[in-house]
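Q: Sharing the feature lines straight out of Swiss-Prot:
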type: ACT_SITE; residues: His366; note: active site, proton acceptor
type: BINDING; residues: 10-13, Lys24, Gln76, 81-82, 104-106, Gly143, Glu158, Asn173, Asn231, Arg336, Lys354, Tyr369, Asn380; note: UDP-N-acetyl-alpha-D-glucosamine binding site
type: BINDING; residues: Asp106, Asn231; note: Mg(2+) binding site
type: BINDING; residues: Asn389, Tyr390, Ala426, Arg443; note: acetyl-CoA binding site
type: REGION; residues: 234-254; note: region 'Linker'
Amino acid sequence: MSKKSTFIILAAGEGKRMKSKYSKVVQKIMGKPMILYIIDEIEKNFEDGRIVVVVGNKKEDVYKVLEGRNVRFAYQEKQLGTAHAVMCAMSEISDDSEDVFVLYGDVPFIKADTLKKLSQKRKEEAAALCLLTAIFENPYGYGRIIADENGNVLKIVEERDATEEQRKIKKINPGFYCFEKQELVNVLSKIDNKNSQNEYYLTDAIEILNRSGKKVVKVTVEDNFEVMGINSRYELFVAEQELKLRINKEHLSKGVQIIDIYSTYIHPDAQIGKDTVIYPGTFILGKTSIGEDCVIGPQSYIVDSKIGNNCHILFSVIENSEIKDNVKIGPYAHLRPNSLLEEGVKIGNFVEIKNSKLGKNTKSAHLTYIGDADIGENVNLGCGTIFVNYDGYKKHRTVVENNAFIGCNSNLIAPVKIGENAYVAAGSTITEDVPANALAIARERQTNKEGWVLRRKQMYENR
């Protein structure tokens with residue numbers, strides 16, 4: 001049987017510096033809860049990995065974000081230190097695990113390649129533990145790595161306990177560990193809380209292992225962004241700005257043109273085709289996919305939507321919708337959830353669409369509400385058309401078949417069907433089905449009252 005890995009993610013902290021009623025690890029970075037960055041990275045790269053999340057304060061927030069994910073939970077009722085958190089998770093470790101990784105839910109950008117290097121180095125050196133180190137030009141506040149001439153880690157000295165000479169050391173401990181499972185079990189039984197905080201520190205494991213003749217080795221991270229901890233609103237801001245630029249640069253390298261990488265927000269899970277142009281002030285969020293040769297923005301907001309090739313979306317909001325090729329939207333249009341625009345559709349300014357399908361080459365140029373509708377191909381919806389879908393108790397659907405023409409300022413009272421090639425005269429309120437090829441007129445006949453203005457004027461002058 002192949003050996004597996006267990007990943008313990010510590011997420012029980014109070015997060016006081018974040019000043020939030022929500023758990024720190026569910027705070028969003030580029031629209032994605034930070035703990036999901038770690039979960040996704042593990043799931044994509046460690047097929048047999050078991051994930052154990054240690055929760056404590058505000059645990060319901062973490063449960064909600066991870067609902068439906070293949071993770072196990074361990075509960076740390078009292079926060080008694082990092083080693084204590086790991087102790088709480090030990091019952092969830094798989095029996096056939098060889099490597100046990102300890103990670104942090106508020107250090108979200110660690111990469112799978114770095115974790116694999118920890119495992120590889122530990123095995124090559126037959127070590128009990130391989131820990132990750134980083135080199136910081138300003139190491140203030142971090143524990144310093146004390147190593148021998150062969151690079152073996154002897155201990156970690158915290159900032160408050162370090163001598164002046166030790167404080168000059170720039171190699172620090174960001175807190176990522178890869179233990180051999182049985183060695184972790186053994187060392188946890190030897191860690192005590194005889195310190196000023198009465199807590200169980202996982203860093204004590206290093207000296208305990210060394211005293212037992214066990215080997216402790218290290219790997220230095222190549223990109224310090226991977227070990228960036230996020231504890232405050234400012235650190236959340238800094239992390240988001242850096243991640244935003246990295247995401248945008250990656251899209252640039254793949255052939256996407258981003259006019260201003262500083263004012264464009266692209267979710268890490270979004271996909272964009274080459275030769276698409278993104279203008280400033282645009283937000284592309286969630287699992288959105290955008291095809292090639294599109295023009296998006298400026299000032300567009302797109303979330304969890306699928307957009308085809310050669311689409312233009314200007315100053316508009318798109319939510320949970322699908323847009324096929326060669327569609328033009330905006331300015332100031334709003335596609336609400338479950339909308340489908342087939343190829344060649346044109347949607348103009350101040351058009352709102354909700355839970356509706358528009359067939360090929362259908363047009364709605366301006367000032368229209370389309371709710372709960374099934375609209376065919378080559379339909380023209382005149383300015384001011386309203387699909388009246390709600391009777392005060394429930395929603396009803398409207399059907400408009402191919403090649404129909406809806407005149408301006410018309411109301412279609414659902415449920416109603418407009419037949420193929422039918423015309424609805426401008427200003428009509430339609431309450432009954434319109435047959436194919438028919439003209440529907442539902443308005444008061446015009447009456448011209450000759451001389452009325454002069455008579456009215458004379459009446460007021462004679463008062």
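Here the Cβ of each residue, glycine as well, is placed from N, Cα and C on the backbone.
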Q: What Cα-Cα separation, expressed in whole Å, is found between Asn380 (UDP-N-acetyl-alpha-D-glucosamine binding site) and Asn231 (Mg(2+) binding site)?
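A: Cα to Cα, Asn380 (UDP-N-acetyl-alpha-D-glucosamine binding site) and Asn231 (Mg(2+) binding site) are separated by 54 Å.
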Q: Validating a neighbour-count step here. Other CB atoms within 10 A of the CB of Leu10 (UDP-N-acetyl-alpha-D-glucosamine binding site): how many?
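A: Within a 10 Å radius of the Cβ of Leu10 (UDP-N-acetyl-alpha-D-glucosamine binding site) lie 27 other Cβ atoms.
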Q: Who sits close to Glu158 (UDP-N-acetyl-alpha-D-glucosamine binding site): which same-chain residues at least 6 apart have their Cβ under 8 Å from its Cβ?
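A: Long-range Cβ contacts: Gly143, Thr203.
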Q: Counting only residues 6+ away from its ends, which parts of the chain sit with a Cβ under 8 Å from the region 'Linker' (234-254)?
A: 18, 27, 29-30, 108-109, 225, 228, 261-262, 264-266, 268, 272, 274, 278
Q: Quick one: DSSP breakdown of the region 'Linker' (234-254) into helix, strand and coil?
A: 20 helix, 0 strand, 1 coil
Q: Restricting to the region 'Linker' (234-254), report the mean pLDDT as a whole number.
A: 98
Q: Cα-Cα separation of Ala426 (acetyl-CoA binding site) and Leu10 (UDP-N-acetyl-alpha-D-glucosamine binding site), in Å?
A: 64
Q: Among the recorded positions Asn231, His366, Asn389, Tyr390, report those whose Cα falls within 10 Å of that of Leu10 (UDP-N-acetyl-alpha-D-glucosamine binding site); none is a fine answer.
A: none
